[in-house]
Amino acid sequence: MESQSSYQMKVINGEFGYVLEDVPHLTDYIADLPTYPNPLRSNSAYSVVKQYFVHVDDSVPQKIVVHKDTPRGVHFRRAGPRQKVYFASDEVQACIVTCGGLCPGINTVIREIVHSLDYMYGVNEVLGIDGGFRGFYSKNTVTLTPKVTNDIHKRGGTILGTSRGGHDTMKIVDSIQDRGINQVYIIGGDGTQKGAAVIYEEIRRRNLKVAVAGIPKTIDNDIPVIDKSFGFDTAVEEAQRAINAAHVEALSAENGIGVVKLMGRYSGFIAMNATLASRDVDCCLIPESPFYVEGEGGLFEYIEKKLKENGHMVIVIAEGAGQELLAAESKNAKNEQDASGNKLLQDVGLWISHRIKDHFAKPPKMPITLKYIDPTYMIRAIPSNASDNVNCTLLAQSAVHGAMAGYTGFTVGLVNGRHTYVPFNRINERQNKVVITDRMWARLLSSTNQPSFLGPTDVEEAKTEHVPLTQMLDNGENRKDEKTGN
Ligand SMILES: Nc1ncnc2c1ncn2[C@@H]1O[C@H](COP(=O)(O)OP(=O)(O)O)[C@@H](O)[C@H]1O
Ligand SMILES: O=P(O)(O)OC[C@H]1O[C@](O)(COP(=O)(O)O)[C@@H](O)[C@@H]1O
Ligand SMILES: [Mg+2]
């Protein structure tokens, strides 16, 4: 049961075009809440830190490329510990839920929320919700302690289990109320953050003192505004192993072709970054860039050219690429969706492999050896790498600091390298996609030397098609590619 959000933006304007897209606070709808000194003041590890607490007015600009006359523009509230907190340690009953597809690092986030609540804020009551949103009303909870979660960052998956679908706002908020939960940590992707937004709205409608914090999880890196989602680096790194295997197989055979399918339902970031990192890939196909196989300038012509030049080639294909070609060829193509309403994809890797084999079996025949590798679930099931572990730790700590300080209805996210609290609606307004008229995609095309498969009119259309209004207003300079390579 998916619900529509009516999230109200909280915007604060300042001088010289300064805009703070702020996140809600419990005091916005509950009067006279008591405050307490932050327990970190007496924490021996943190007491040495000069200026440990974040200034109440600290904010982080969304756009960092500016000109001398540029207005100051949109900012987000800086994450971090505050002087005052709105929960006494023994008052907190927190819960953590994980939803959507798996992604490396989920267990690290769970561990760090539990550890931060305990070691920084003296909170000992943390519940795990079993199996995603539906676990709120259909399953028992599990008790999470620092001891129970101590080693879980070394394991892939989520110790809490996850699911798609099952978002029943009323039942979830009833469960939160019945269990006396007052901090809700929601780890999940774009669908989950939409679910978190409606949970927050219902909590606010009921005037409950409950902080709702989202931690964005998506292996596809398709959440806007934030620099990069956790687990993405690990996935790109692991994808190298599959690409390397495909390369070895292709190199060792006559006219060897290695085809690797990578994740990316609507966004091709993993395929693009894995291709750029590997240097062994001759062609990368992503959902954002339409391609065709037959005729002049098509994929088959390019493969033939590469095989004649090099005797082998490697193709990386994101799972959401070319779906329109499969649909056109399949007589009984259905527009099916999963329990969360995500489009169910056909196996494009298998399809392209068959099409290539059929093409080169036809006269004038060309002998080829094609190996198809689908490492998708192997990639997302591994534990996070070192840098993602640090990333997960900081995200979890930011979420805990925010909830303890009384903020609610927010997602934590790295914006221009600083941790921030981003309002749900900014995360949910669109999906982040590879912009094929940006420099990053041009870098990829020049690194593989593959055809762009685009005519001049396609390029003109793409220049306007993928650019959301906020980016057009900013001349595209707030896009992520310049900064993080995404
Ligand atoms: N618009 C929405 N409103 C409420 N819940 C939603 C919405 N979209 C998705 N959800 C819920 O969020 C959870 C995860 O969504 P899904 O799209 O599967 O994964 P992800 O969060 O990884 O994108 C599911 O339980 C789904 O029902
Ligand atoms: O097979 P499942 O579990 O439905 O998940 C597959 C999908 O999940 C994804 O990994 C993306 O999930 P997230 O963006 O939510 O992490 C897609 O790339 C893939 O299509
Ligand atoms: Mg998603």
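Backbone N, Cα and C define each Cβ position, glycine as well.
Please treat TrEMBL annotations as automatic predictions, because they have not gone through curation.
Just one of GLY101, GLY256, GLY258 is listed by TrEMBL for the same ATP site as ARG164, GLY165, GLY189, ASP190, GLY191, THR192, and that one is GLY101.
Within GLU112, GLU125, GLU319, GLU461, the residue that TrEMBL lists together with THR218, ILE219, ASP220, MET263, GLY264, ARG265, TYR377, MET378, ILE379, ARG380 for binding substrate is GLU319. Checked against ligand 1, the binding-site residues ASP220, GLU319, MET378 give no residue with a Cβ under 6 Å from it. Ranked by Cβ neighbours within 10 A across all protein chains shown, the binding-site residues ASP190, ASP220, GLU319 are led by ASP220. When the Cα of ARG380 (substrate binding site) is compared against those of the binding-site residues GLY101, GLY165, GLY189, THR192, the shortest separation belongs to GLY101. Taking Cβ-Cβ distances under 8 Å and a sequence gap of 6 or more within the same chain, the neighbours of GLY189 (ATP binding site) are CYS99, GLY100, GLY101, CYS103, PRO216, LYS217, THR218, ASP220, ASP222, ILE223.
For ligand 3, the binding-site residues lying close by, meaning a CB under 6 A from one of its atoms, are GLY189, ASP190, GLY191; the full candidate list was GLY165, GLY189, ASP190, GLY191, GLY264, ARG380.
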